[in-house]
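For reference, Swiss-Prot has these:
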type: BINDING; residues: Asp94, Cys97, His202; note: Mn(2+) 1 binding site
type: BINDING; residues: Cys97, His234, His325; note: Mn(2+) 2 binding site
type: BINDING; residues: 201-205, 325-326, 374-377, Ser381, 400-403, Lys476; note: GMP binding site
type: ACT_SITE; residues: His400; note: active site, GMP-histidine intermediate
Amino acid sequence: MDIKLRKIDKYIWEIPKEGKMNVPVRIYASDKLIEKMKEDRTLIQARNVSMLPKIVKHMVVMPDGHEGYGPPIGGVGAFSLDNPPVIPGFVGFDINCGVRLLRTNLTIDEIKDRLNLLVNEIFRNVPAGVGEGGKLKLSIDELNKVLDYGVNWAIDNGFGWEEDRNRIESHGYLDFADSDAVSNTAKQRGKDQLGTIGSGNHFLEIQVVDQIYDEEIAKAFGIYEKNQVTVLIHTGSRGLGHQVASDYLRLFEKKYKYDVPDRELIYAPYDSKDAQNYLKAMAAAANFAWANRQLITYWVRKSFEKVLRKNIESIGLEIVYDLAHNIAKFEEHTIDGKKQKLIVYRKGATRAFPPGHKELWGEYKKYGQPVIIPGSMGTASYLLVGQPKAMELSFGSSAHGAGRQLSRVKAKKLYSYSEVIRKLREMGIIVKSTTKTGVLEEIPEAYKDIDEVVRVTHELGISKIVARFRPVAVIKG
């Protein structure tokens, strides 16, 4: 299908509004990244979304955009609240897949002799892989509380510190969640998966600070020096979130016969009971994901204490920030000079509110919302902060990762498992995985250049680079 694409600035591209499109499509990318997007259906999928009713301003594709289910991954779309479409495919199957960054008071020299032991201990405590269950087996009644209260349930039950909830987007809890909107099938899948990583591109990394770009902001977030040890957790709502998406997609597919450019964009009208139930179930799955990352944090803290034989106060392991990158949120944005309440979908995109935004607090309000962009296995990750330009360009959103460029099938054919492990060892990275496939599918070559994605994000003024981290150990499914 022919896409009319015009370049309107160094890193800004547009598919002009025409035909059935209700708004133009804006793509933020370098020449190199836009060429990658042309290789799959990213641009076609973004144009399809622009044809949906009630969409405002423009459909956005972030620099890490690539083909997904329905809308592209790296897609951001905002809709007026005048009975807009509620689109499960625009949140995706891994509801509140997100990342959490922890900082320590340690340098790599203090732990390098025990790094292998530490990785093994975390691997024991935090299961990874498809369908893997965790240490916690919840009754359905208890699981309902997790779904309704998110991170609050975890902290109230001793799995965290009081200050943890103040270092999480939305305080780790969406108040419109309702466990009754989540099917029993989804609950059965999720009841023993709290505190687990899962498979695919999910991981837990022990990292070190590689470079600090803004010392004042880094210090405010607890990042003080090069070679300081950090931990990055990347996971979501596991089988429960996947089932929520499947349940509602199936229901909407059967019940609503709207003329959509792609059946994967099936939706229910916001004012319908079905749409409201999906939003309640999505919020419940998001709460589950925040509780999941909280339980993993708890076990990481316990593992560090045991292996290093130090108390947690001297180790640190405070949360720098935790954010969602697959979610729908109700937010206020300025459209044509007027403030409007909108529903904003971010699918493979990170909220990036600027300094002073009313939804931020403490040091985040002063410096901007932290944006954590993980790289692929073996490559750097970045900490940035949201900037004012994000509100104008991308509904307060930023990139979320490197963005896949090779399918899992193709990635597996490039190297043998032993070759990948050897290459990573040569880079000084320990890898512990449940399966060989999990490593082969996630080789660095399967992803776009993280440095390029971050550079474009920074130069556009969407987010500002604060620090870069490099992995020393990776745990995968």
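Every residue gets a Cβ built from N, Cα and C, even glycine.
Here the features listed in Swiss-Prot are painted onto the structure.
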residue : record                : DSSP (3 states)
Asp94   : Mn(2+) 1 binding site : coil
Asn201  : GMP binding site      : coil
His234  : Mn(2+) 2 binding site : strand
His325  : Mn(2+) 2 binding site : coil
Ser376  : GMP binding site      : coil
His400  : GMP binding site      : coil
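Among the listed binding-site residues, namely Asn201, Asn326, Ser376, the Cβ with the most fellow Cβ atoms inside 10 Å is that of Asn326. Reported as a whole number, the C-alpha separation between Asp94 (Mn(2+) 1 binding site) and Asn326 (GMP binding site) equals 7 Å. In this structure the alpha carbons, written CA, of Asn326 (GMP binding site) and His202 (Mn(2+) 1 binding site) are 14 Å apart. Between the CA atoms of Asn201 (GMP binding site) and His234 (Mn(2+) 2 binding site) there is a gap of 8 Å, rounded to the nearest whole number. For the pair Leu204 (GMP binding site) and Cys97 (Mn(2+) 1 binding site), the C-alpha distance works out to 13 angstrom. There are 29 other CB atoms within 10 A of the CB of His400 (GMP binding site), with all protein chains counted. Cα-Cα distances to His325 (Mn(2+) 2 binding site) place Cys97, His400 within 10 Å, out of the binding-site residues Cys97, His202, Ser376, His400.
Shown in sequence order, Gly98, Gly198, Gly200, Asn201, His234, Thr235, Gly236, Ser237, Asn326 are the same-chain residues outside Asp94, Cys97, His202 whose Cβ sits within 8 Å of the Cβ centre of the Mn(2+) 1 site. A separation of roughly 5 Å, to the nearest angstrom, links the Cα atoms of His234 (Mn(2+) 2 binding site) and His202 (Mn(2+) 1 binding site). A straight line from the CA of Ser376 (GMP binding site) to the CA of His202 (Mn(2+) 1 binding site) spans 10 Å. Cβ proximity to the Mn(2+) 2 site centre (mean Cβ of Cys97, His234, His325, cutoff 8 Å) flags the following additional same-chain residues: Asp94, Asn96, Gly98, Val99, His202, Thr235, Gly236, Ala324, Asn326, Pro374, His400, Gly401. Put simply, His400 (GMP binding site) is 10 Å from Cys97 (Mn(2+) 1 binding site) when counted between their Cα atoms. For the binding-site residues His202, His234, His325, the ranking by surrounding Cβ atoms (within 10 Å, all protein chains) places His325 first. Comparing the binding-site residues Cys97, Leu204 on other C-beta atoms within 10 angstroms of each C-beta gives the minimum for Leu204.
For Asp94 (Mn(2+) 1 binding site), the Cβ neighbour count at a 10 Å cut-off comes to 24, with all displayed protein chains included.
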